[in-house]
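**Q** Not my notes, these are from Swiss-Prot:
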BINDING   Thr57, Asp77, Asp101, Ile102, Ser118  S-adenosyl-L-methionine binding site
Amino acid sequence: MPPSINEPNLQEMFDSLAPKYDRINSILSLGMHHLWNRTFARMLGKSEHLLDLCSGTGKVAYRYIRDYPGSKATLVDFSEKMLLAAQQRYPDAPFTFIEGDIVQLPIDEESQTLASMSYGLRNLSNPKQALEEIHRILQHNGCLGILELTSPSRKHPLYLAHRLYLNFLVPWLGRLCSKNKQAYTYLAESIKKLPSDDYLEQLFQNAKFQVSKKRKLAFGSATIWILKKI
């Protein structure tokens with residue numbers, strides 16, 4: 001399946017970054033993503049099964065099953081090596097794995113109660129189509145949780161510092177840590193290019209989702225939305 005992403009080589013990039021992906025998230029989030037993942041899991045609420053989209057190496061899914069013992073998760077990602085990293089890291093976790101595209105999920109209609117997407121929304125070339133596909137597979141009143149790296153408001157005192165961090169420090173750290181400045185530059189740019197909350201929330205509404213909960217983290221450096229299918 002062709003990946004629903006906004007760069008033709010992004011699948012290869014994420015494959016190459018899989019061994020270092022958690023370090024990348026630490027850099028992009030200033031080390032706060034562990035706390036954010038925990039907050040996200042708690043806001044998702046208890047369910048027997050979580051469909052974790054754009055799952056990466058499985059840290060969010062693992063956080064979820066730790067917080068809700070007895071639950072299981074299906075991890076979906078277009079990167080084979082990300083899923084392989086998750087299998088190797090959590091060999092005993094109650095996970096199943098699907099390698100594929102979020103806009104064409106091999107999942108029955110209205111078969112899921114809870115889905116999540118962490119740090120993946122900004123990499124989608126067609127978020128409208130992805131949201132429509134997620135809507136298709138969720139049951140009535142099912143929920144989709146989104147955790148994404150965002151930017152503080154332009155009026156916020158830390159806006160400029162956040163921009164300087166993304167523009168200069170993140171690429172430098174990328175070159176230092178992985179010798180892949182281009183990948184880190186892309187990831188930093190993807191945060192800056194993410195549309196406004198108003199735009200995204202209109203997109204959610206157009207896809208027949210209602211925002212039931214929203215939380216800004218670290219002065220707006222990350223945002224959690226809990227969406228309900230309507």
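Cβ coordinates are placed from backbone N, Cα and C, and glycine is handled just like the others.
Remember, it's a predicted structure, so these values are computed and weren't measured experimentally.
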**Q** List the residues of the same chain that sit at least 6 positions away from Asp77 (S-adenosyl-L-methionine binding site) in sequence and have their Cβ under 8 Å from its Cβ, in sequence order, or write 'none'.
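**A** Set apart from Asp77 (S-adenosyl-L-methionine binding site) by at least 6 residues yet with Cβ under 8 Å, we have Cys54, Ser55, Gly56, Leu83, Ile98, Glu99.
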**Q** Would you work out the biggest C-alpha to C-alpha distance among Thr57, Asp77, Asp101, Ile102, Ser118, the residues that bind S-adenosyl-L-methionine according to the record, and give it in angstrom as a whole number?
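**A** Largest Cα to Cα distance for the S-adenosyl-L-methionine-binding set is 16 Å.
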**Q** Any idea what DSSP makes of Asp77 (S-adenosyl-L-methionine binding site), helix, strand or coil?
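**A** The residue in question, Asp77 (S-adenosyl-L-methionine binding site), is strand (DSSP, three-state).
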